[in-house]
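Enquirer: Quick one: structure below, then a few questions.
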Amino acid sequence: MLGIKYQDPFSSEHVGYWGPVTATIDWCEENYIVSRYFAEFVNSTTNLSFFILSLFHLYSAIKNRHGTLYILVSIGMGTVGLGSWLFHMTLRYEFQLMDELPMIYVTAIPFGYIYSWQKSPFWKNFIRYGTAFFTVTLTLVYIFVYKNPILHQISYATLNFLIIYKTLKTINERVTDPEVRYLEYKILALSFSLFGFGFFVWNLDNIFCDTLSYVRRNYLGLPFGFIIEGHGWWHIFTSLGIYYFILYNEIMGTWMNEQPEDYKLVWRLGFLGEMVLTDEAKERYQKLDEKKKK
């Protein structure tokens, strides 16, 4: 065995701090192996990727004046990570809802925005209030009527595909620079590839759970067994996929607001894209701020 031997999951030491499992889902990672305070240690801590990437987007949205929409979306991304952390840490049903429902809410925000963009005041309000009504109704149905996670998964996937359809249509209509259009397609493809690969690894975890658990226990040990915790990798790849999907929408947003010349794309650490204000745009906005103060 490469690492430290796994503890016996049936010993008294594995009585979890958070009590019995009440969630409708319990993933492949063995419960309370590392600490009595973490039902699923790897599945909890891999949500740090959501926190780090959402803070980067939030800081950039404020610094580069991307607007309230992207501030809310960045906060929402961090909220998804927080809910997922609490869910996997406790395996309590109330925190399962904190993991699943914020995914709907953070997706509904850009959905309502992009489908109401350039509409008349009546249709703008109709779409935005209709989106809010849908999310509230879905929440109530999911909590009180039909608790099957498939309902959440179908709703989340539908919202995302509708957003992608609308954004691609908007890009083809508004983005006149063919290089930027091609860049947008590449970033969207990267985002979906990360989602897809993460989903693939996660499903390997589900299908071959018994085999993977055996390998972890009998060959890898701790901490090397963490490497083949598929749901943890799903969190990391999903957070990166969301990061690039937000970036994709920010680039499109500069064209929707007729400000493409005010921004440039830079890459941090070689792989984190950021839409930043040009020096000329910064000076112009600073002068406008100074005028407002006077």
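A Cβ is built for glycine as well, from the same backbone N, Cα and C atoms used for every other residue.
So TrEMBL says this about it:
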type     : residues                : note
BINDING  : D26, W27, E29, N31, E40 : Ca(2+) binding site
TRANSMEM : 41-62                   : transmembrane segment
TRANSMEM : 69-89                   : transmembrane segment
BINDING  : H88, H231, H235         : Zn(2+) binding site
TRANSMEM : 101-117                 : transmembrane segment
TRANSMEM : 126-144                 : transmembrane segment
TRANSMEM : 150-167                 : transmembrane segment
TRANSMEM : 187-204                 : transmembrane segment
TRANSMEM : 224-246                 : transmembrane segment
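Could you place the listed features in the three-dimensional structure?
Expert: Beyond its flanks by at least six residues, the transmembrane segment (41-62) meets 27, 29, 33-35, 70-71, 73-75, 77-78, 80-82, 84-85, 88-89, 226, 229, 231-233, 235-236, 239-240, 242-243, 246, 268, 272, 274-276 of its own chain at Cβ-Cβ distances under 8 Å.
Cβ environment of H235 (Zn(2+) binding site): N43, T46, N47, S49, F50, S84, G198 lie under 8 Å away, each six or more residues apart in the same chain.
Remote same-chain residues near the transmembrane segment (101-117) are listed as 69, 72-73, 76-77, 79-80, 83, 123-124, 127-128, 131-132, 134-135, 138-139, 142, 152, 155-156, 159-160, 162-163, 166-167, 170, 249, 256 (criterion: CB distance under 8 Å, separation of at least six residues from the stretch ends).
The list of residues near the transmembrane segment (126-144) in space but at least 6 beyond its ends in sequence, with Cβ under 8 angstroms from a Cβ of it, reads 97, 100-101, 104-105, 108, 111-113, 115-116, 119, 151-152, 155.
Sequence-distant contacts of the transmembrane segment (150-167), counting only residues of its own chain at least 6 positions beyond either end whose CB sits under 8 Å from a CB of the stretch, comprise 100-101, 103-104, 107-108, 110-111, 114-115, 138, 141-142, 188, 248-249, 252.
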Enquirer: Between the binding-site residues H88, H231, where is the Cβ count within 10 Å the lowest?
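Expert: Comparing Cβ neighbour counts within 10 Å for the binding-site residues H88, H231 gives H231.
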Enquirer: Whose Cβ lies within 8 Å of the mean position of the Cβ atoms of H88, H231, H235, the Zn(2+) site, other than those residues?
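Expert: What remains near the Cβ centre is W27, E29, E40, V42, N43, S44, T46, N47, S84, E229, G232, W234.
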Enquirer: Sequence-remote contacts (6 or more beyond its ends) of the transmembrane segment (69-89), Cβ cut-off under 8 Å?
Expert: 18, 23, 27, 29, 37-40, 43-45, 47-51, 53-55, 57-58, 61-62, 95-103, 105-106, 109-110, 113, 235, 239, 242-243, 246, 249-250, 253
Enquirer: Name them in sequence order: residues not among D26, W27, E29, N31, E40 whose Cβ is within 8 Å of the mean position of the Cβ atoms defining the Ca(2+) site.
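Expert: What remains near the Cβ centre is C28, E30, A39, N43, H88, L91, H231.
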Enquirer: Do any residues at least six apart in sequence from E29 (Ca(2+) binding site), in the same chain, have a Cβ closer than 8 Å to its Cβ, and if so which, in order?
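Expert: E40, F41, V42, N43, H88, E229, H231, G232 - these are the non-local Cβ neighbours of E29 (Ca(2+) binding site), listed in sequence order.
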